[in-house]
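Following: one structure in structure tokens, then a few remarks.
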């Protein structure tokens, strides 16, 4: 029971990270119908920006940059978070404007290849010495490492489930962001415009919706969420790999799998998919074998695609001649 | 004499066979030439580059059958390659241990060891084509991006499974006396890769297999099968309406492409200086081949070959700028997609760009001249 709860809590925290990243994939797919392979690099950008800001900001309040004795004041952590969000959405805007917009009418395969090119470019520019460097780093702790032990059983069979503060924060922050996105998409005029563009770009343009601006905003929103995921990810896993490391690519891929499992193009599906993928991965790793955790994820993907090709919440696409 | 009469020349059966075998014979003669002339003129470093380019061409041309000709977007090609590589590698490695007691290279040019290597490569191709059949099955249900995702998932699953394999058993005595259960752990090296495969790959074998691959792909493209594949690429619904069994064409494309990828993998596994490892099955390597087919042009065999040569040579040209190598590579890719989205040659072959006068041999009159 205690093991189950512990795994459940890890799965919830990781699931919300997957969901945050998956939202970006699914929103871009919704409006432009292509897999934005460069999305995982925005997560990396968010993670490394958090690190760069943290080691420069910590000395300002008299703390050691790499190994602070106490966590910095909460306004500083929040400030870093907001700065990362803004810079990541700027990066998303620039990528769309420079690389994808000229290809608006090109075959989708070309856009896909361009996305791969952008991804390679970002990874390797990030590895340059004057950017982030090509060696792993350790993220300084920005939050107190409080842990809440919950007691189970009596006497001999006493067990503890540890509930770390960081997991709660990940869950709460991503929950808030998802709620905000949900309200934005389904309750505002801008969200209606976005859904119209996603439904049919040409007709949306005829209805007077500025399609290019809507697409830019989609990219900015998705990238901001990815940046947030990067920030939260390095708070939970402080040992960071270099920007072109395959761990990051795999993180992005799993989030992408989450988007597909939930039904790509569907906002709620991405959140659902993120949690499903995290559950399958964490419980599979704990109860079967942790060596095959990627296999569970990709097998689930293939299984879902074969049973319901449009994903769990995706609507079937009718083909017309 | 009208133009149509010129095309139908009465020839005997034997001449026809000779005519159809001619390209392969020319290809193999070229391979022999490369094998004996190239290393002495350019040295071992550049010979290795030529081998690399040859293997890249085999993989890119075979991927082109799926991506370029049939229009199914596969990003798991490196998975097929790795299956071929591991199959061929374990056949030569463990057979060498059993037969000659050592895994070192046995025999000289065209000696017994090399024939075992060729058979191993073909076995690798067959195993890969079985995998191609399995991966191709979802393509009957899925289209476009979804199929791409399944092929990507296949490569990643394969990578993780290969990481869990057992250690290489490199002692002849142990291999001889081991019970079959020892092989249940699949002793191909796990995450660090399959080290110790005898290094049989030479320029001759790479270019002989390349010649076969290219001639096969070219003839396939011109055959009724190939035209059916092209029609699936252009419009699946229209192709179906014309009575083409689109499912069968897609499966065939996957199987043939996987076969040649497996053979290419066998060649790669036996190349000196290469240790085949699970990482090769991942999607990053698959992307390399996808990029080659896209740069070359959809379905253009010569274009894809040129792109394979350029892309496998580019890293060497940029070797001095090690740090900036992939950045330049990526920037070139984006620039290419923005400026020439149809690839180098588009749907054409290289000879479509030659002047008209080159296409007819000087001693032969063109049909138009004959008609006059």
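Think of each number as a place in line: the chain as shown, counted from 1.
Each Cβ is built from the backbone N, Cα and C atoms, and glycine gets one as well.
Remember, TrEMBL labels are computer predictions, not curated facts.
Residues or ranges marked as transmembrane segment by TrEMBL: A:12-35, A:42-62, A:74-95, A:107-126, A:158-181, A:217-235, A:247-264, A:270-288, A:295-314.
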Which listed stretch (A:42-62, A:107-126, A:158-181, A:247-264, A:270-288) has the most C-beta pairs under 8 A with the transmembrane segment (A:74-95)?
A:42-62
Taking the transmembrane segment (A:107-126) as reference, which of A:42-62, A:158-181, A:217-235, A:247-264 has the most Cβ pairs under 8 angstroms?
A:42-62
For the transmembrane segment (A:158-181): best-contacting stretch of A:12-35, A:42-62, A:217-235, A:247-264, A:270-288, by Cβ pairs under 8 Å
A:12-35
Are there at least 3 C-beta pairs under 8 angstroms linking the transmembrane segment (A:12-35) and the transmembrane segment (A:270-288), leaving out pairs fewer than 6 apart in sequence?
yes
Given a Cβ distance threshold of under 8 angstroms, which distant residues of the chain, six or more beyond its ends, lie next to the transmembrane segment (A:217-235)?
17, 20-21, 23-25, 27-28, 30-31, 36, 39-40, 42-51, 80-81, 84-93, 95-96, 139, 141-143, 166, 169-170, 173-174, 177, 181, 184, 190, 194, 251, 255
